[in-house]
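Visitor: I have a structure I would like to understand better, so I am pasting it below and will then ask my questions one at a time.
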Amino acid sequence: MSLLDTRFEKGGVIISKVEDLLNWSRLSSMWPMSFGLACCAIEMMATNASNYDLERFGIFPRSSPRQSDVMIVAGTVTFKMAERVKRLYEQMTEPRYVLSMGSCANCGGPYWEHGYHVVKGVDRIIPVDVYVPGCPPRPEALIGGLMKIQELIREEKLGGKREDAKKRLAAKAAPAEEVIAAQHPQANLPKPQVKKEHEVAEAETTESA
Amino acid sequence: MQPNPLTIDDIAALVREKFGDVISDPEKTPTAEFFTITDLDYLQAVMYFLREDERTKFNYLYCLSGVDNNDGTFTVVYHLESLGIHGHRLEVKANCSKEKPEIPSVSEIWRTADWHEREVYDLFGIKFIGHPDLRRILCPEDWEGHPLRKDYKVAEYYHGIRIPY
């Protein structure tokens, strides 16, 4: 789907699937809700600013949940804030995606044991699609997480379920163990457990039979 | 007015001269020098005196904090400074029991104490008598317990969300 303008010169006709066109347009204009909760928000703002320039991906923060597609939970979610976060999520129109940015939003971070006031992971209140680790994550990591959401959107089918798209994405992904083993042959790692796409399909057919 | 920084002994002597035996002897540790107001009925009067008297002029309360001593008592620590006048600093303490956690408010003397006292009330449950608006400031209004007390136990759930990891 890249370099659309080069295709225009070849007769002005592009053949594509509606699904692909829809997915392409949605992944090219992921609008996150502009709100931040803690120090991760500083990193998120740096990612939005000119050095990392998220707008080149069509990512452009919106001030209203009703105009947003993506919620970047950037920072510590306190119990006082949790209800607000949940309400904002409910106000977003579907399809909506949630990116949990940083250790606090992922699992409570440094407050996991003694933080009486911290929700131990934003996934206890809203469903999360992508987790970005780091304390705080660098802009590159946040961009990586946003591109993961783009990959997820690319896998979606009309009327399909989000869960199925996630399964297809997981089947495509190279297992982390394989990548690490390729880079560090001396590290004696266990065999990867993630199944390949055809294996998933085979398992499904045998289950239904 | 010429700056005339006083030592804690001078200040304690001034307070004793004015009010009698309402404070403890000054204690000096490597990190802090302070005296404790033993008669809480005089707390507001002593604080007002420290702010208004020409020789002390503590016009700035730069910190107010609470302590749970873990022996059934709480302490409130007042950090004072004479900003731009004498330049001296002072720490004053006041104790109260856990059964009756009440201490007179100084928010009428230093307005900055308003939020500081709300914070101490929120986290330790110390009631400041005479405070104009003693509500929680950090925790949600329906939060149960005072989290910085030594005997505080984290609840299992808050509004249906599990709290422990």
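Our numbering is plain: 1 for the first residue shown, then up by one each step along the chain.
Even glycines carry a Cβ here, placed using N, Cα and C.
These figures come from a predicted structure and were not determined experimentally.
Got these off TrEMBL a minute ago, pasting:
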type	residues	note
BINDING	A:C39, A:C40, A:C104, A:C135	[4Fe-4S] cluster binding site
DOMAIN	A:39-149	domain 'NADH:ubiquinone oxidoreductase-like 20kDa subunit'
REGION	A:174-209	region 'Disordered'
Visitor: Around the [4Fe-4S] cluster site (A:C39, A:C40, A:C104, A:C135), what further same-chain residues have their C-beta within 8 angstroms of the site's C-beta centre?
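Guide: The surrounding set, listed in chain order, is A:A38, A:E43, A:A74, A:G75, A:T76, A:M101, A:G102, A:S103, A:A105, A:G109, A:G134, A:P136.
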Visitor: Taking only same-chain residues 6+ apart in sequence, whose CB is under 8 Å from that of A:C104 ([4Fe-4S] cluster binding site), what do you get?
Guide: A:L37, A:A38, A:C40, A:G75, A:T76, A:V77, A:P110, A:Y111, A:V118, A:C135
Visitor: Using Cβ atoms only, which residues of the same chain lie under 8 Å from A:C39 ([4Fe-4S] cluster binding site) while being at least 6 residues apart in sequence?
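Guide: Those within reach of A:C39 ([4Fe-4S] cluster binding site), by Cβ under 8 Å and sequence separation of 6 or more, are A:G75, A:G102, A:P136.
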Visitor: Counting other Cβ atoms within 10 Å of each Cβ, which of the binding-site residues A:C40, A:C135 scores lowest?
Guide: A:C135
Visitor: So, three-state DSSP: helix, strand or coil for A:C104 ([4Fe-4S] cluster binding site)?
Guide: helix
Visitor: Can you break down the domain 'NADH:ubiquinone oxidoreductase-like 20kDa subunit' (A:39-149) into helix, strand and coil residue counts using DSSP?
Guide: 53 helix, 16 strand, 42 coil
